[in-house]
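Before any comments, here is the structure.
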Amino acid sequence: MSPVPSVTAVQVENVLFPPSVKPPGSTNDLFLGGAGVRGLEIQGKFVKFTAIGVYLESSAVPTLAVKWKGKTVEELADSVDFFRDVVTGPFEKFTKVTTILPLTGRQYSDKVSENCVAFWKSVGIYTDAEAKAIEKFNEVLKDETFPPGNSILFTHSPLGALTMSFSKDGSLPEVGNAVIENKLLTEAVLESIIGKHGVSPEAKKSLAARLSELFCKEAGDEKIEAEKVAPVAC
């Protein structure tokens, strides 16, 4: 396994996302890919509801760099395909959604379900299996309440399991509250945040900027290794 990239923490409002975490249900340390708020314009004022951090397994950097290194931050931020590759890539992801305003599980699950189903229908992949997965997703969240500072946690396995858990104090539990075995749901939850119609443009920009920097470093490290093997005259 690749070493975890050295990255900085990100402060979003009063929520600090650390540089790396070990998600519930995982044996891996993941690095902070990016973070940002989710909000809505209400009566001319931008109201912030949640702070969202997206973490990635270290293998994400070399995997994504093959196709995306050399692109500018703006090119990455504007590319639907780039974020689709992040969502569907063969590496683990972890999403931490921390409330800024109070939120009920029902409010959260209704919105996420709506976004997931809309995405599936738009690409023609909504089946009974996805309907059952959404039903379980809603069931896990329906009786939960999230005062400010509480978190909803998603560990996205590349094998297709979505581990759901909750945190009241900022700490991360070792195991999840529920595991839903459905690859499309595992991807769609993250797609709803950073995909084409993702709810956090700020998190998308943060991901693009931080991954672009890591791609540059990856390319630089490859060049240094190549020059060790075959020194290049200056």
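Heads up, the Cβ atoms here are built off N, Cα and C, so glycines get one too.
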| note | Among Asn115, Asn138, Swiss-Prot assigns to the substrate site of Thr50, Ser192 just Asn115
| query | Among the recorded positions Thr50, Tyr108, Ser192, which residue has its Cβ surrounded by the fewest other Cβ atoms within 10 Å? | reply | Tyr108
| message | Neighbours of the substrate site Thr50, Asn115, Ser192: Cβ within 8 Å of the Cβ centroid, same chain, sequence order. | response | Arg38, Lys111, Val112, Val189, Ile193, Gly198, Val199, Ser200
| remark: Taking only the CA atoms, the spacing between Tyr108 (site 'Important for catalytic activity') and Thr50 (substrate binding site), expressed in whole angstrom, is 10
| query | What is the biggest Cα to Cα gap, in Å, among Thr50, Asn115, Ser192, the residues listed as binding substrate? | reply | 16
